[in-house]
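What TrEMBL records for this protein:
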- B:129-417: domain 'NADH:quinone oxidoreductase/Mrp antiporter transmembrane' (DOMAIN)
- B:35-52: transmembrane segment (TRANSMEM)
- B:72-99: transmembrane segment (TRANSMEM)
- B:111-128: transmembrane segment (TRANSMEM)
- B:134-152: transmembrane segment (TRANSMEM)
- B:164-186: transmembrane segment (TRANSMEM)
- B:206-227: transmembrane segment (TRANSMEM)
- B:239-260: transmembrane segment (TRANSMEM)
- B:306-324: transmembrane segment (TRANSMEM)
- B:336-354: transmembrane segment (TRANSMEM)
- B:375-395: transmembrane segment (TRANSMEM)
- B:415-440: transmembrane segment (TRANSMEM)
- B:452-473: transmembrane segment (TRANSMEM)
Amino acid sequence: MEGLYAFSVGLLTACGVFLTLRGRSFPVVVGITLLSYAVNLFLFSSGRLKMDGAAVLGASESYADPLPQALVLTAIVIGFAMTAFVLILAMRSRADLGNDHVDGRLPPPPKDQKKC
Amino acid sequence: MLTQHLPILPIIFPMLMGALLLLPPLGTNLQRQRITALISGVLLVALAIWLLQVSHLEGTQLYFLGDWKPPFGILFVADRVSALLVLLTAVLALGAMLYATGGEDRVGMHFYPLFMFQITGINGAFLTGDLFNLFVFFEVLLIASYSLLIHGGGKHRTQAGMHYVILNLVGSALFLFALGIIYGTLGTLNMADMAVRVHGLEEDQLALTKAGGLLLLLVFSLKAALLPLHFWLPRTYSAASAPVAALFAIMTKVGIYSIYRVHTLAFGPEAGDVASLAQPWLWPFALLTLAIGTIGVLASHSLRVLAANLVIISVGTLLVAAALESTEAMTAALYYLVHSTLISGALFLLADAIGKQRGKPGDRLVRGRQLKQPVLLGSAFFLAALIAVGMPPFSGFVGKLMLLQAADTPATASWIWPAILISGLASIVALSRAGTTLFWRVSGDDPAAVTAPVLQMSGVWLLLLCSPLLVAFGGPVTEFMALAAEQLFDVQQFVDLILVSGAE
């Protein structure tokens, strides 16, 4: 289970980083969302992965660490709000600046295209 | 009764005021909003002075939310450094709000509520004793700052806002990764408890803990604008409206404070296997930040960008002091931190006041028309420039002198002395060039009809006149800073206070 879990967190992070480095604002927003998924899963695993463990004492034989779950909950809420904000900002910048590039202007076309 | 709740008041009070300012009797009327905001600004300063006095005379104040005993639960710690920074925030915010009454608050909705929420976040970040809450308060101050940055709208601000928001969201993700790693290895996020648990780490946990500590450094450096993570700063700060830029002057300091706090407590000189984790990184990058700030100051094309580059220089200076890891250097750093925050705030406000009277060229360093009030603004600018470059007898001089004295070994002195002195020289050149262009290279056009309102200028003077006060009361202030720096390095006392006496 640990291997699979680590692999999915790693994959999500890699996709998130790749998309965040793109030039258009939509992939960047999606990339940030993926990064925040990855980070939530990662935080959750910092309390160790455990089967059949309730976060409440006495409810099951073994118990899981409740703190990372609380942290993840906070992180999800904050991440959600931030994603909503960046989405609105991206739409606003598309309207204000006339294009969806994160720099607010399109990069100049490559040189060899200019020649012909 | 109220004293018992004192450490949390600087967080609760602006939050409540922010909410009140949104509600009907106040939210619909700008004049009422202004009056309420200014009154709460004054009250906040009074509250911060009270907190400072109590934490100075009666020792560090602790506040446990819901009475959960440490290391569990949420706690706030108001020691000398935290209380000092809360006071600094309050004074800066009051100055910025006074300036905003001149019309900056009219260009968009909900200026003062956002301002209050931002202060809530900043105060919370200074007072928290728990790493996860530091993250939460970072987010509180960030989301307020996102809205404040694009407040008033315009292409410039949207463009700068896009970079700033995306960069900080990635920073927040990294912060959470760091927290996950540290919780996974140390099993706690309470700062005092972390300082205990870093001793006796197992071999296989060591590398992970180090990675977590360095990731934290990376995140804090992003907020503090340490090279190579500083590229967002000049653009963001020069795009924001003047009062917002002035308040942002404390935001880099939040990052610097976090480095001071976390990397003296959990990863400080006495932290066993992970001791002085940040130092080898801080050294070269802080010096390079100083260098790039120096170049930036010389290359600035407008007064605001110049002020933003002065912020970068101050960041470099403050982190060089952190890399020295001595009480003397920290004393100097705290003094310089207060000075540099106030003066950069004043410079941002002044740049806007000058720009308004010049009309179309704004604060760009080109020939423009005569100012309407050349004497008033000129004397303010002259004073600000002298303070900023560190001419005697002003506070910049005292701060820099203390820092140069703290670099007492030949090896450190040979790096720090030239870096700081050359940056000072470059600031003199750049600021005098800016001053001569703005005030003397004028075309024959008639001056604009706009004058700076008295209330607006009082904000600038409030921030400017703190500097002579810092010098006039130099003795007691320096003594206080020395005590604060000692407290910052005294890990054992901090741990005892929270984990032993706090748990009773």
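Cβ atoms here come from the backbone N, Cα and C positions, even for glycine.
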(request) Run the contact check on the transmembrane segment (B:306-324) against the transmembrane segment (B:72-99): 3 or more C-beta pairs under 8 Å, excluding pairs closer than 6 in sequence. (result) no
(request) Count the CB pairs under 8 A between the transmembrane segment (B:239-260) and each of B:72-99, B:375-395, B:415-440, then give me the winner. (result) B:72-99
(message) Below 8 angstroms Cβ to Cβ, which residues of this chain, lying six or more residues outside the transmembrane segment (B:452-473), approach it?
(response) 91-92, 94-102, 243, 246, 335, 338-339, 342-343, 345-346, 349-350, 353, 356-357, 373, 376-377, 380, 383-384, 387, 393-396, 398
(message) I'm a bit unsure how to read this: which one of B:35-52, B:111-128, B:134-152, B:206-227, B:336-354 has the highest number of Cβ pairs shorter than 8 Å with the transmembrane segment (B:72-99)?
(response) B:35-52
(message) As a test: from B:111-128, B:206-227, B:336-354, pick the stretch that has the greatest number of Cβ pairs under 8 Å with the transmembrane segment (B:134-152).
(response) B:111-128
(request) With a Cβ cut-off under 8 Å, give me the same-chain residues at least six positions beyond the ends of the transmembrane segment (B:35-52) that come close to it. (result) 6-7, 9-10, 13-14, 17, 20-21, 26, 61, 78, 80, 83-84, 86-87, 89-91, 93-94, 97-98, 101, 112, 115-116, 119
(message) How about long-range neighbours of the transmembrane segment (B:336-354): same chain, 6 or more residues beyond its ends, C-beta under 8 Å?
(response) 84-85, 88, 91-92, 95-96, 99, 104, 237, 241-243, 245-247, 249-250, 253, 256, 302-304, 306-307, 310-311, 314, 317-318, 321, 363, 371, 377, 380-381, 384, 387-388, 395-396, 398-400, 402-403, 438, 452, 456-457, 459-460, 463-464, 466-467, 470
